[in-house]
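Asks: According to Swiss-Prot, the protein has these features:
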BINDING   Arg53, Thr54, Arg103, His132, Gln135, Gly259, Pro260  carbamoyl phosphate binding site
BINDING   Lys81, Arg166, Arg218  L-aspartate binding site
Amino acid sequence: MGNLKKLLRVSDLSDEDVENLLILANKYMAQEASDEVLRGKVIVNLFFESSTRTLLAFEIAEKALGAISVTLNVAMSSICKGESISDTMSTMAAMGTDLVVVRSDQSCMVDEIAKRAGDCLVINAGDGNHEHPTQAITDYATIRSLKGGEVRGLKVAICGDVFHSRVARSNIRLLSRYGADIRVVTPMRVDHVPDGVSLVTRSLEEGIEGADVIMLLRIQRERMTNGDFMLDKEYSRLYMLDEKRLSLAKDDVIVMHPGPMNRGVEISDEVADNHSSVLFQVKVGAAVRKAVLHYMLG
């Protein structure tokens, strides 16, 4: 359908790709697109890191589209016996694999896999703290759907552990490309303001004032090499989005979170249950994964 062979980072997507993916995703949301379009195609989910939403979204999408879907248990594979990624990819290609969905705790490991993939298409489902392109497409589609089809000029506050967040990196790159005013709220020191970001602040109140969109991120302690990050109790005192702080944003603000949420840390129960768009975001994510698979393999 499209000419996209590898989706490793947001920059792999042309504007035409993005628009076509959103059109397809909207059709899947409205149940107007054809299922079974990938009948006979073999897709392997190669996840080196735990996942709930992303893995489920891809597995459900693959099966709904009629593909032969296999999730490789890396802990029980020959990779744990010392087999190289190159040999693993060669084996999968020899077995007729058409597309590999990869998640890794190592940044840019997916690039090495893509180099060894031969004719297999490759999707990055999140690599270390580098990128998560399908989540960025999901978030862009969610915002467009809830904000009248346009993100240009919207104030988007990305709040939390931005330094370790692949979601933040991909969203900053994609949303700024389409004219969003990106603000970053983080307790961490930022020596270099990323391209596309208009404000970096340690104050949640400053960052979310007048915001159209608030995107919350969890603390990713598993990616921290030292223990100098503040405790959850201190973090929640300074950075938890509760109803009082939410009132600083616009009345029609949408609250997003890529998951998993840590209630009582970055988001209060009241905001999570009464003001967030998280479940709609998940629904959009399922449609986006169908759209990406259809676009690349259909």
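Every residue gets a Cβ built from N, Cα and C, even glycine.
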Asks: For Arg218 (L-aspartate binding site) and His132 (carbamoyl phosphate binding site), what Cα-Cα distance in Å is obtained after rounding to a whole number?
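Replies: So the alpha carbons of Arg218 (L-aspartate binding site) and His132 (carbamoyl phosphate binding site) sit roughly 15 Å from each other.
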Asks: State the Cα to Cα distance, in Å, between His132 (carbamoyl phosphate binding site) and Arg166 (L-aspartate binding site), rounded to an integer.
Replies: 6
Asks: Among the binding-site residues listed here, Gly259, Pro260, which has the most company in the form of other Cβ atoms within 10 Å of its Cβ?
Replies: Gly259
Asks: Taking every protein chain shown into account, which of the binding-site residues His132, Arg166 has the largest tally of Cβ atoms within 10 Å of its Cβ?
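Replies: For the binding-site residues His132, Arg166, the Cβ with the most other Cβ atoms within 10 Å is His132.
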Asks: Beyond Arg53, Thr54, Arg103, His132, Gln135, Gly259, Pro260, what residues of that chain have CB atoms within 8 A of the centre of the carbamoyl phosphate site's CB atoms?
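Replies: Other same-chain residues with Cβ inside the cutoff are Ser51, Thr52, Ala125, Gly126, Val167, Pro258.
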Asks: Helix, strand or coil for Gln135 (carbamoyl phosphate binding site)? Use DSSP.
Replies: helix
Asks: Where does Pro260 (carbamoyl phosphate binding site) sit in DSSP terms: helix, strand, or coil?
Replies: coil
Asks: Of all the binding-site residues given, Arg53, Arg103, which has the fewest Cβ neighbours within 10 Å once its own Cβ is left out?
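Replies: Among the binding-site residues Arg53, Arg103, the sparsest Cβ neighbourhood within 10 Å belongs to Arg53.
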Asks: Cα-Cα, whole number of Å: Gln135 (carbamoyl phosphate binding site) versus Arg166 (L-aspartate binding site)?
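Replies: Per the Cα atoms, Gln135 (carbamoyl phosphate binding site) and Arg166 (L-aspartate binding site) stand 9 Å apart.
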Asks: Ten-angstrom check, please: count other Cβ atoms within 10 Å of the Cβ of Thr54 (carbamoyl phosphate binding site), all chains counted.
Replies: 23
Asks: Give me the Cα-Cα distance between Thr54 (carbamoyl phosphate binding site) and Arg166 (L-aspartate binding site), rounded to a whole Å.
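Replies: Here the two Cα atoms lie 13 Å apart.
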Asks: What is the maximum Cα to Cα distance, in Å and rounded to a whole number, among the residues Arg53, Thr54, Arg103, His132, Gln135, Gly259, Pro260 annotated as binding carbamoyl phosphate?
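Replies: Greatest Cα separation within the listed binding residues comes to 16 Å.
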Asks: If you count the C-beta atoms lying within 10 Å of each candidate's C-beta, which of the binding-site residues Gln135, Arg218 ends up with the smallest number?
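Replies: Comparing Cβ neighbours within 10 Å for the binding-site residues Gln135, Arg218, Arg218 has the fewest.
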